[in-house]
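> Pasting the relevant annotations from Swiss-Prot:
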ACT_SITE  D148  active site, proton acceptor
BINDING   I10, G11, E12, G13, T14, Y15, G16, V17, V18, K34  ATP binding site
DOMAIN    4-307  domain 'Protein kinase'
MOD_RES   T14  phosphothreonine
MOD_RES   Y15  phosphotyrosine
MOD_RES   T181  phosphothreonine
Amino acid sequence: MENYQKIEKIGEGTYGVVYKARDLTHPNRIVALKKIRLEAEDEGVPSTAIREISLLKEMHDPNIVRLLNIVHADGHKLYLVFEFLDLDLKKYMEALPVSEGGRGKALPDGSTLDMNRLGLGEAMVKKFMAQLVEGIRYCHSHRVLHRDLKPQNLLIDREGNLKLADFGLARAFGVPLRTYTHEVVTLWYRAPEILLGGRQYSTGVDMWSVGAIFAEMCTRKPLFPGDSEIDEIFKIFKLLGTPDENTWPGVTSFPDFKASFPKWKREDTRKLVPGLERNGLDLLDAMLEYDPARRISAKQACMHPYFQAGSSAYSGRERLQPYP
């Protein structure tokens, strides 16, 4: 660790403390040091985790936060060295003026972002969404899932570009129920197949999270703010309707699905996200598709009409045929 000089603690992530630090081998380079707190610290760092993390160093995409180095210190401490970005999407949304649905909070000290110029209007939401799905497409094409996407791990640089952080960490270290400070890890962006106890899941879990984040960027409010797993499931069912074998073949076989669940009817997406253009509503529906086999992929999302110039009519639920 002699190559890094800690400047200040900047946060407490899912896996441990995050520090802003100076890279002493590169003049003027500021980095984020993520100290990974391992469950069994006395046993050292699992070799599987080291292997997984080493693969992430090979991932280079403008929409992903670069993993610059891995430092294995004292036998049982692991530090991940990332490029430094001082703002995440959650703080960005909170810094929006109250008149725009934000909370008017101050940006972190030292942030040079011009919120008045950037804001979070339709064009900015579309830009962030394009960068988000492109970053996910890149990761999925390298067989890397995120599994814990949320506004807190979408970082924004000083030019107002969005980058994904913490990709691949879930596979290396698991997704804990609580952070090391005993904070509950948020369920608001978790896909229904995980909430219902599914053991086999794929890239679709990330696309569900993107849908929930998309809606939140538009409305400035979380779409499914559950405070427990069952509350989260019911929040989803109340808005999207309780799924059955017709809407989601196989749903009744999930370990945590109960035939006694209340039967809610689906709300109109236009009411959930008022003001979103028709192509945006179409994309949101495709991301919040219950059946993971029919949920839009990141590659397909990149080519969605929402990201093209012009707009076409929103055709509602009947548009959602299985994606090829």
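Note that Cβ sites are derived from N, Cα and C of the backbone, with glycine treated the same way.
So where do these features actually land, and what's packed around them?
In the three-state DSSP classification, T14 (ATP binding site) falls within coil.
Summarised as a single figure, the pLDDT of the domain 'Protein kinase' (4-307) averages 88.
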> Here the recorded positions are E12, D148; which one has the lowest number of other Cβ atoms no more than 10 Å from its Cβ?
E12
> Beyond I10, G11, E12, G13, T14, Y15, G16, V17, V18, K34, what residues of that chain have CB atoms within 8 A of the centre of the ATP site's CB atoms?
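Apart from the listed residues, the neighbours are K35.
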> Which of these recorded positions is closest to D148 (active site, proton acceptor) if you go by CA atoms: E12, T14, Y15, G16, V18?
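If we rank E12, T14, Y15, G16, V18 by Cα distance to D148 (active site, proton acceptor), first place goes to T14.
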